[in-house]
Amino acid sequence: MDLFDLTLHELHAKLKSKEVSSREATSAMLDRIAELEPRINAFITVTPERALAEAEAADRRIAAGEADVLTGIPLAVKDIFLTEGTLTTCGSRILNNFIPPYSATSFEKLKQRGMVLLGKLNQDEFAMGSSNESSASGPCRNPWNTDCIPGGSSGGSAAAIAARQATVTLGTDTGGSIRQPASHCGCVGLKPTYGRVSRYGVIAYASSLDQVGPLTRDVTDCAIMLGALAGHDPKDSTSVDRPVPDYQAALTNDIRGLRIGLPREYFIEGLDPDVQASMDQAIETYRRLGAEFTEISLPHTDYAVASYYLIATAEASANLARYDGVRFGHRAEQAEGLLEMYSRSRSQGFGSEVKRRIMLGTYALSSGYYDAYYLKAQKVRTLIMADFIQAFEGVDLILTPVAPTPAFRIGEKVNDPLQMYLSDIFTIPVNLAGTCAMSLPAGISGQGLPIGVQLIGKPFGEETILRAAHAFEQATEWHSLRAPL
């Protein structure tokens, strides 16, 4: 087996036994990236010199007996995470020359434990998109079919896992941006509960919705990564100060008596037949493992997408006001006066999807429309939260599709924003409710594209999700399938 094929826990065992070195594993990954990038475009920036230096430092730690499970493991992160001294663009022209002076807490935690940064991953511009087509660095492609999108906005994070270009990756999830790409690329993607992982140093899209999470090849790796990322951060007032469980200890495979809800609103007319078939197979697998199913209702699901796109764009309008060309990022030349410089810098620096969302958010917050749009959307969000609270009174987990269809072709929906937005119809409610959810490989379409199912847990119920996901993984082979590169 090639070194780039190993999971995190498999590579750790070989590093610990000194069967391989971190430098060897890192070199194998860098060679893989160089080989496949012309076809996949998963990376915006590759950092070979930094990676090899960090790998050699990790090997010294391992030799000194100071290593843990993450030391020497090759990692790549979405280009939304600040990485001190390394270009961070957020997929946008407006940040095409931005070198941050500090690092995101989530990345810094992994760096301190000896992980090796391979580079920064492609994404939709400012995490605004469901297909990775809005990136200023060009679209990322799905390793299972390079004519198809990998999902978004963390498309590069999922594609790099599927293409074996990184052992693990980091992404962010505002309305499904970890789970939808994970489903389309056949990997595991977890959106933790809001506040479980620090957002400090992550470029903000919608601050009340954004959350950091891992994308991995299997559930064990996901549990390891979540344990490393979770915890209170005094630099992030929205991070929650509560103990971090031993997530690996939750992987018991015993789910007898687990109560799983099936929300009737998610099994809609128009659901792709292959997605429905994968859901049916997943339900049958869980029944064999001893889980009990109950039909539930999440009655305000139909209003989730509209509510989300008012709240998220309103927050984006405020968050992106800081990009004006003055202190950092793209600055327009030949502007006559300050206001024209602001206008030209933003017009040249932002792409069309970002401009669309800024305009929508500004409109929703404007005088005379605030009550009708933004305030009403927040009221709907409260109702969606209440739906989940009520549903979880009778079940332990909720099982749903991740996306209505498998990955679609590049360019298919780029001129139809509404159809693009509906790609996240099953993932958005989780962000509005602030709870946790995972995408888990569960099938292959007739066209050979991966299909995931979504496990939704109670707030801070990641242990239950991981237990159920691991049991499913051990009973199936979907996670072990490889993209035909």
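Cβ from N, Cα, C; glycine included.
Straight from Swiss-Prot, the features:
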type: ACT_SITE; residues: LYS78; note: active site, charge relay system
type: ACT_SITE; residues: SER153; note: active site, charge relay system
type: ACT_SITE; residues: SER177; note: active site, acyl-ester intermediate
Where the residue listed as 'active site, acyl-ester intermediate' sits in the secondary structure, as DSSP reduces it to three classes: coil
Winner by Cβ contact number (other Cβ atoms within 10 Å) across the active-site residues SER153, SER177: SER177
Rounded Cα-Cα span from SER177 (active site, acyl-ester intermediate) to SER153 (active site, charge relay system), Å: 5
Same chain, 6+ residues apart, C-beta under 8 Å of the C-beta of LYS78 (active site, charge relay system), given in sequence order: LYS120, LEU121, GLN123, SER154, GLY156, SER157, THR169, LEU170, GLY171, THR172
LYS78 (active site, charge relay system): secondary structure state under DSSP, collapsed to three categories: strand
Collapsed DSSP category at SER153 (active site, charge relay system): coil
